[in-house]
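Novice: Please see the structure below; I have some questions.
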Amino acid sequence: MKNLRNRNFLTLLDFTQKEMEFLLNLSEDLKRAKYAGIEQQKMKGKNIALLFEKDSTRTRCAFETAAYDQGAHVTYLGPTGSQMGKKESTKDTARVLGGMYDGIEYRGFSQRVVEDLAKYSGVPVWNGLTDEDHPTQVLADFLTAKEVLKKPYNEINFTYVGDGRNNVANALMQGAAIMGMTFHLVCPKELNPTDELLNRCNDIADKNGGEILITDDIDEGVKGSDVIYTDVWVSMGEPDEVWEKRIKLLEPYRVTKELMKKTGNPHTIFEHCLPSFHDTETIIGKQIQEKYGLTEMEVTNEVFESEQSVVFQEAENRAHTIKAVMVATLGE
């Protein structure tokens, strides 16, 4: 724990394989302790600011419950709860919050903002999501895969199907490279990740005994997969023309029962960071149905509700893994 004390958690690329393993192992320990009712508070009296430019269910609840479990106090600043970017610069906000709080979580748009918060606040800063990255999500994804598959991380064949430029896809590729996994990214060529990120991840994977495959061939990409992972195709606020183009590109990559069978592995599990457009039981789901005639988007309801789906175990693990990050970087 001491070697990560006062460290920021901005991107997985800042961490070694041993450091990632430590965080994942600590997550398991903290989860067991919580279930057994023997958790020890390592953050008693600490004050934490949660700075959200984007609303969230899982990230907010995970940070809040993890902090409370560990004896810390939380202030939530939502999209209209601070002056950052409006009447006050990120640099000034960082220095204000750094003088009052022991740690800061940021969930928003720009990776540059979370980096500036870390640069100027003087306290640990944790990335709860940016447009480019989502490192806390990956810890939960990997922990869940290990729990269910009962395999060491470097033996897991992890496949992401969908938008290859997505922040979760970026973060998963980084994490898989660091952990020495086999990672397949199955997506249309138009949605491949940047060459810069791919080259960096390939270099890391080579050093750690991992392998990365980028392909638009679904059969090739999913073969042998232990995990099939997807995320939403579009984000709220993107213009209609983006939705239409993205849906047309990605509709062949919807995760269906047939796609799951193509893995040839009867033990393949399905993961998703949530929320998911797998039915029409939401306002957005109904709008998608009315506008595009679709009742399911990135995954069918059949797969989402199947025994192969571990999405709610994965969601719970957000709290345990986020707790590990905070305890490791801030705990006594």
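Backbone N, Cα and C define each Cβ position, glycine as well.
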Novice: According to Swiss-Prot, Ser56, Thr57, Arg58, Thr59, Gln83, His134, Pro135, Thr136, Gln137, Cys273, Leu274, Arg318 bind carbamoyl phosphate; which one of Arg107, Arg165, Arg246 is listed for that same site?
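Specialist: It is Arg107, as the record lists it for that site.
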Novice: 10 Å Cβ neighbour count around Arg58 (carbamoyl phosphate binding site)?
Specialist: 21
Novice: What is the interatomic distance between the Cα atoms of Asn167 (L-ornithine binding site) and Thr136 (carbamoyl phosphate binding site), given in whole Å?
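Specialist: Distance between the two Cα atoms comes out at 12 Å.
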Novice: Have a look around Asn167 (L-ornithine binding site) and count the other CB atoms within 10 A of its CB, chains all included.
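Specialist: Its Cβ shell of radius 10 Å holds 20 other Cβ atoms.
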Novice: Hey, what's the widest CA-to-CA gap across Ser56, Thr57, Arg58, Thr59, Gln83, Arg107, His134, Pro135, Thr136, Gln137, Cys273, Leu274, Arg318, the carbamoyl phosphate contacts in the record, in Å?
Specialist: 29
Novice: Applying a 10 Å Cβ distance cut-off over all chains shown, what neighbour count does Asp231 (L-ornithine binding site) have?
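Specialist: Result for Asp231 (L-ornithine binding site): 24 neighbouring Cβ atoms inside 10 Å.
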Novice: Please work out which residue of Ser56, Gln83, Thr136, Ser235 has the most C-beta neighbours within 10 angstroms of its C-beta, and give that one of the binding-site residues.
Specialist: Thr136
Novice: What's the number of neighbouring CB atoms sitting within 10 A of the CB on His134 (carbamoyl phosphate binding site)?
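Specialist: His134 (carbamoyl phosphate binding site) is surrounded by 25 other Cβ atoms within 10 Å.
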